[in-house]
Amino acid sequence: MFLSEIQDMDKKYYMDTFGSRIPVAFTKGEGIDLWSTDGEKYTDFFAGIAVNSIGYSHPTFVNMVTKQVSSLIHCSNLYYIESQALLAKELVENSCADKIFFANSGAEANEGAIKLARIYFKKQGNPEKFEIITLQKSFHGRTITTLSATGQEKYSKPFEPLTSGFKKVPINDFSALEAAITENTCAIMLEPVQGESGVYPCDYEYLQNVKKLCEEKKLLLIFDEVQTGVGRTGKLFGYQNYNVEPDIFTLAKALGGGVPIGAICAKEHVAKAFAPGEHGSTFGGNPLACTAGLAVMKIMKEEHLPENAEKLGKYIKSQLENLASTSHPVISEVRAAGLMIGIELNKPIAPIVKTKMFEKKYLIANVGENILRILPPLIITQTDADEFIITLKSAIDEVL
Ligand SMILES: *Cc1c(COP(=O)(O)O)cnc(C)c1O
């Protein structure tokens, strides 16, 4: 089909929640490349918003998922599911969690984590403890409750009244956090590195203090690792960069390699607060999604993708900082955690640079006028990184 035909149908039949999209539709992906309906090849440095971490059409992934599709895609949670048990085991054996529950998206995993925190305190005889402190500029999802947790009014304001019981404090401000705690507080929920708002990492010291505070005040620590999880930040899970173990963390984006899946991962004493019947999902943890998750975890390990993310993240950051201090002072700051990279520009040219990159067949994104955001697949090589830097340099030069 021609792009123009797809665009016409989209305009006529699809809800207009994405505005006018970038004018391209893809039909095929391989490695870090995508091909459009008109046969053009694009290099993907955004990975389906941190989803396609293993790239496209990875043979191990395609094999495992294809086999699963042709044998059994779905059966309900009324029955035992082999790939679900195996993926839960894989996540537990590689993280600080003892128990897992599978959902279908990031928002749904976070929603479940919030339910778990509330019921945990209720069952301890503390029903007054329901308030959760989150961070300004955070992003936790698009359901009413995860919007209520999200610290960006542009997303939540139109949908008021929101779920009550969320307080927002600025990131890396420990005294503000301390001051926000009351006898109603049950948990602190945060992204170890804020993604959607422009890549803002929590400071190492800050998270040490947050963890200590949670222990002292007996609060649950919840990490939203929907974006930071599964290798993105240079460790399998973002919390591992901080030597801080959360009581609950959530996953989604990269876990299924493109097949929708979310996960609530929790310590035993917290997880057991859910009694049979208190949480559930029709699709969550079905054979297809969990086999996809198993394939992703296998590839992460076999190809040392977290290590590659750490190495190439550092490389790209240092190359960009080099540009900043020599030929391209328009780059005012580079924030990175593995291959989660935010490039702050001191001129409002981020949208035009993104468009220039698109013309040069590179997919990246911007946050507002001043931040470029890149989330390449974790399989990139140093050559891929070099080509990206060269292209970005010329894109900026053409804009300035
Ligand atoms: C993307 C994202 C979400 C929402 O995930 P969905 O799958 O879109 O519901 C939640 N939290 C963080 C940190 C995210 O990056």
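Just so you know, glycine gets a Cβ as well, placed from its N, Cα and C.
The annotation pyridoxal 5'-phosphate binding site is assigned in TrEMBL to GLY106, ALA107, PHE139, ASP224, GLU225, VAL226, GLN227, THR282. Under the heading N(2)-acetyl-L-ornithine binding site, TrEMBL lists ARG142, SER281. Residues annotated as N6-(pyridoxal phosphate)lysine in TrEMBL: LYS253.
Here the features listed in TrEMBL are painted onto the structure.
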{"residue": "GLY106", "record": "pyridoxal 5'-phosphate binding site", "Cβ neighbours (10 Å)": "27"}
{"residue": "ALA107", "record": "pyridoxal 5'-phosphate binding site", "Cβ neighbours (10 Å)": "24"}
{"residue": "PHE139", "record": "pyridoxal 5'-phosphate binding site", "Cβ neighbours (10 Å)": "25"}
{"residue": "ARG142", "record": "N(2)-acetyl-L-ornithine binding site", "Cβ neighbours (10 Å)": "15"}
{"residue": "GLU225", "record": "pyridoxal 5'-phosphate binding site", "Cβ neighbours (10 Å)": "30"}
{"residue": "VAL226", "record": "pyridoxal 5'-phosphate binding site", "Cβ neighbours (10 Å)": "29"}
{"residue": "GLN227", "record": "pyridoxal 5'-phosphate binding site", "Cβ neighbours (10 Å)": "27"}
{"residue": "LYS253", "record": "N6-(pyridoxal phosphate)lysine", "Cβ neighbours (10 Å)": "28"}
{"residue": "SER281", "record": "N(2)-acetyl-L-ornithine binding site", "Cβ neighbours (10 Å)": "16"}
{"residue": "THR282", "record": "pyridoxal 5'-phosphate binding site", "Cβ neighbours (10 Å)": "9"}
Can you name the binding-site residues among ALA107, ASP224, GLU225, VAL226, GLN227 whose CA is within 10 A of the CA of ARG142 (N(2)-acetyl-L-ornithine binding site)?
ALA107
Near ligand 1, which of the binding-site residues GLY106, PHE139, ASP224, GLU225, VAL226, THR282 are found, taking a Cβ distance under 6 A to any of its atoms?
GLY106, PHE139, ASP224, VAL226
State the three-class DSSP label for ASP224 (pyridoxal 5'-phosphate binding site), counting H, G and I as helix, E and B as strand, and everything else as coil.
strand
Could you state the CA-to-CA distance between the residue listed as 'N6-(pyridoxal phosphate)lysine' and GLY106 (pyridoxal 5'-phosphate binding site) to the nearest Å?
7
For the C-alpha pair, I'd like the distance in angstrom between PHE139 (pyridoxal 5'-phosphate binding site) and SER281 (N(2)-acetyl-L-ornithine binding site), rounded off.
23
Let's check the environment of ASP224 (pyridoxal 5'-phosphate binding site): how many other CB atoms sit within 10 Å of its CB?
33
According to DSSP, does SER281 (N(2)-acetyl-L-ornithine binding site) sit in a helix, a strand, or coil?
coil
